[in-house]
There are 2 protein chains.
Amino acid sequence: MSIAEIGEFGLISRVVARLGSGPRALLGPGDDGAVVAAPDGRVVASTDVLVEGRHFRRDWSGPADIGHRAAAANLADIAAMGAEPTALLVAFCAPGNLDVAWAEELAGGLSAEAALVGASVVGGDMSSSPTLTVAVTALGDLGGRAPVVRSGAQPGDVLALAGRTGHAAGGYTILSRGFRTPKMLVEAYRRPVVPYAAGPSAADAGATSMIDISDGLLQDVGHVAAASLVAIDIRTDTFTVPPAMRDAATALGVDPYQWLLAGGEDHALAATFPPGATLPEGWQEIGTVHDGAGVTVDRKPWSGPTGWDHFR
Amino acid sequence: MSIAEIGEFGLISRVVARLGSGPRALLGPGDDGAVVAAPDGRVVASTDVLVEGRHFRRDWSGPADIGHRAAAANLADIAAMGAEPTALLVAFCAPGNLDVAWAEELAGGLSAEAALVGASVVGGDMSSSPTLTVAVTALGDLGGRAPVVRSGAQPGDVLALAGRTGHAAGGYTILSRGFRTPKMLVEAYRRPVVPYAAGPSAADAGATSMIDISDGLLQDVGHVAAASLVAIDIRTDTFTVPPAMRDAATALGVDPYQWLLAGGEDHALAATFPPGATLPEGWQEIGTVHDGAGVTVDRKPWSGPTGWDHFR
């Protein structure tokens, strides 16, 4: 059954039935607006959009996968500010001939990823469109913490990473060459595993800057360096190439460090900490902050691509 | 110059330059998330998406107009909860060959409409897409008020309207027949004039239910009737047909009450008040709430279309 057959309001009622509720949702879907608890007295908000053909392909990812990824991309941004996610709102645009079950499973994926952090889908909008598009806004609560911005890194700070990089990029390359294994990388592309709790814990540990690695470590750490007016050096000896990744990279003729350093969409978090700070659980030192500008790898410029531009 | 030529980050910096800041924006665009004041301890949030060909046409509306409309649709939802808008986030999807100036003017329109209520654009995302799409999320603050939901109307209540209906529908019909006048209706379609302050003032005056009229008065009041388990009757003698609307309707062979009662996109607010309540400034009584179900016009069923379905 297509979504055109059941119409906007029929689709809304079916999709809403797939959404759980969270402790922060004071008023969920079905009214002009949702009401979400903001006990801190400030709300963190971030928006990310996924467009078919640009951010996902329906033959590579199922609707639940795409829901998980769309939610993760947004929830990771909230965590990267040092906040805890509370709610998602979703604008869903699709051709009228899309199967209703596809939309329902997308909603299920969005809701399930949000539930990992105690958040829920509280509202949204739907429209027909020739292009399947999922725009998500996430809200979060700082719980009394100062927001951790990109501009606070200081020379002498340590650069640390929580979560994994290069896995989604490996999966993307594998799928784009027509393969389906190794499963570890393909599944990492389909559903990122995001270290959500590492965001607030980094804030509590005094992180001076933080960013969600969505476009690639080098590019995103480059944003931190630019905003903080510092140079950042990444040490490759701090990275371990998992055997499955090494084998896949060898088979495909790719440098696995290209995936690790420039691959996006795993939604790891990178943060800088003052020298001597004890890194919280899940954080690992991968580099250092210096006077200067730009990002280097083992003190040298990186020669490959550094990340993703959504208009190029 | 096209947006593909300047790339995602070039576009972001140009668009952000068009955005003003508001008193509620504690941290604006440029980081993983924005931080917005939520002094009430709860945040109201709503999302609306506009898709080219479905919600707007570039030959009918300029980019600033479309920005105003996209913002208005969302800000009106916040007002309809009894809250004051604080911030917007915008997901913008466009073909790479779109002119940069078009995107800049869109941002200017979004920002200018938000500024009418002291809000500002605090964040968003951009992607290339074959389909020009603007998804907006608005946030708002209740200022200690209880949210005014759709389900609170009681038999005996008065139905009241703030703002105008039928103007945007008239403008839409005029443009769709290839005309450009009367300007009053065409401009109403291009840039709705929304009674934002009437939302919080209705909440303060004890409104029992409220809704933003986005799809048409009959359809949206029907949502109130359904959610409240009541019947609502609208009296046509409470409406005045402006001379320019009457003339245009006559020339086009349209019943102007079809525009007034079933036309959407003016973003008037409808609310119910207890019997005997003094209506705040800007609100006018247009009907009554009864035992039963459904919406009638002068105590009779409405024979024409009642509103808009975005998948049909």
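The backbone N, Cα and C atoms fix where each Cβ goes, glycine too.
Among the candidates A:Asp157, A:Asp204, A:Asp212, the residue that TrEMBL names alongside A:Asp32, A:Asp77 for the Mg(2+) 3 site is A:Asp212. Cα of A:Ser214 (ATP binding site) to Cα of A:Glu265 (substrate binding site): a distance of 5 Å. In the three-state DSSP assignment, the secondary structure recorded for A:Asp48 (Mg(2+) 1 binding site) is strand. Between the binding-site residues A:Ser46, A:Ser214, the minimum number of other C-beta atoms within 10 Å of a residue's C-beta occurs at A:Ser214. On the 0 to 100 pLDDT scale, the domain 'PurM-like N-terminal' (A:30-140) averages 97 in the predicted structure. Here the Cα atom of A:Gly124 (ATP binding site) is found 10 Å from that of A:Asp32 (Mg(2+) 3 binding site).
Residue with the densest Cβ environment among the binding-site residues A:Asp48, A:Asp77, A:Asp212, A:Asp215, A:Glu265: A:Asp77, by other Cβ atoms within 10 Å.
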